[in-house]
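Below: the structure, in structure tokens.
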Amino acid sequence: MLDFALLSYVAVMSITPGPNNLMLATSGVNFGFQRTLPHVFGVSIGHAVQVTLTATLLVFILAGMDSVRLPLAVAGCVYLLWLSWQILRAGSPEARDSARPMSLFGAALFQWVNPKAWIMVLNAAILFMPRDGHDPATALWLGLVCAAINLPCIAVWALAGDRLRHWLSSPAALRVFNTVMATLMAATALWLLVDELPALA
């Protein structure tokens with residue numbers, strides 16, 4: 001189960017840019033690495049649960065996927081656009097006073113509307129589960145292995161954001177950074193939604 005193909009697949013999918021990593025880098029800049037840790041662990045815990053359940057119920061999920069793909073894509077896009085707006089506002093003094101990093105529970109729940117997470121999880125379940133069945137014990141093992149690989153990969157983004165804090169200490173610089181990250185997040189949301197439309201045609 002723990003072979004080079006699985007290691008490289010999960011590592012590449014985890015460390016490349018996407019909604020989770022953009023949010024973690026932004027949180028690292030705005031709140032520091034330590035306060036972002038619940039967000040980091042929430043992503044990996046949510047990923048483990050998502051992989052485990054998806055791998056266990058793969059046959060049923062694939063059978064009903066066509067009917068839920070568009071609602072999931074729309075829900076994920078709307079939520080990412082809302083997060084983009086929150087990031088954009090994070091540079092204002094009144095927003096900074098009330099701002100809080102994402103909680104562990106919130107980050108775990110976000111995986112269920114994260115389009116990139118679904119692509120990653122479905123491919124992992126299809127490629128790395130045994131062909132002769134999808135038993136819960138094997139699915140749980142796959143989920144734990146994926147989370148263990150995922151955790152250090154995404155933590156790099158939060159740590160990178162934390163290291164940028166020194167260079168973004170002025171309100172103007174922080175506002176520029178948050179504007180860029182919000183724009184990237186919104187563009188990611190729209191790209192993921194548009195990318196889903198041809199598959200539904």
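Cβ coordinates are placed from backbone N, Cα and C, and glycine is handled just like the others.
As annotated by TrEMBL, transmembrane segment applies to 6-33 (among others).
Residues annotated as transmembrane segment in TrEMBL: 40-64 (among others). Through the fold, the transmembrane segment (40-64) approaches residues 20, 24, 102-112, 117, 121-122, 124-126, 129, 134-136, 138-140, 142-144, 146-147, 150-151, 154-155, 158 of its own chain, all at least 6 residues removed from its boundaries and within a Cβ separation under 8 Å.
Within the chain, the transmembrane segment (70-88) has long-range Cβ neighbours (under 8 A, six or more residues past its boundaries) at 19, 23, 26, 110, 113-115, 118, 178-179, 181-183, 185-186, 188-190, 192-193, 196, 200. For 70-88 (among others), the entry in TrEMBL reads transmembrane segment.
What TrEMBL lists as transmembrane segment is 109-128 (among others). When Cβ-Cβ distances below 8 Å are used as the criterion, the transmembrane segment (109-128) is approached by residues 1, 5-6, 9-10, 13-14, 18-20, 42-43, 46-47, 49-51, 54-55, 58, 61-62, 65, 72-73, 75-77, 79, 102, 134, 139, 142, 146, 192-193, 196 of the same chain, each at least six residues removed from its ends.
Here TrEMBL flags 140-160 (among others) as transmembrane segment. If one looks beyond the transmembrane segment (140-160) by at least 6 residues along the same chain, the residues whose Cβ comes under 8 Å of a Cβ in the stretch are 1-2, 6-7, 10-11, 14-15, 20-22, 24-25, 27-28, 33, 36-37, 39-41, 43-45, 47-52, 55, 124-125, 128-129.
Packing against the transmembrane segment (172-194) from elsewhere in the chain are residues 17-19, 22-23, 25-26, 29-30, 73-74, 76-77, 80-81, 83-85, 87-88, 90-92, 115-116, 164: each is 6 or more residues past its ends and has a CB under 8 Å from a CB in it. Look at TrEMBL and you will find 172-194 (among others) tagged as transmembrane segment.
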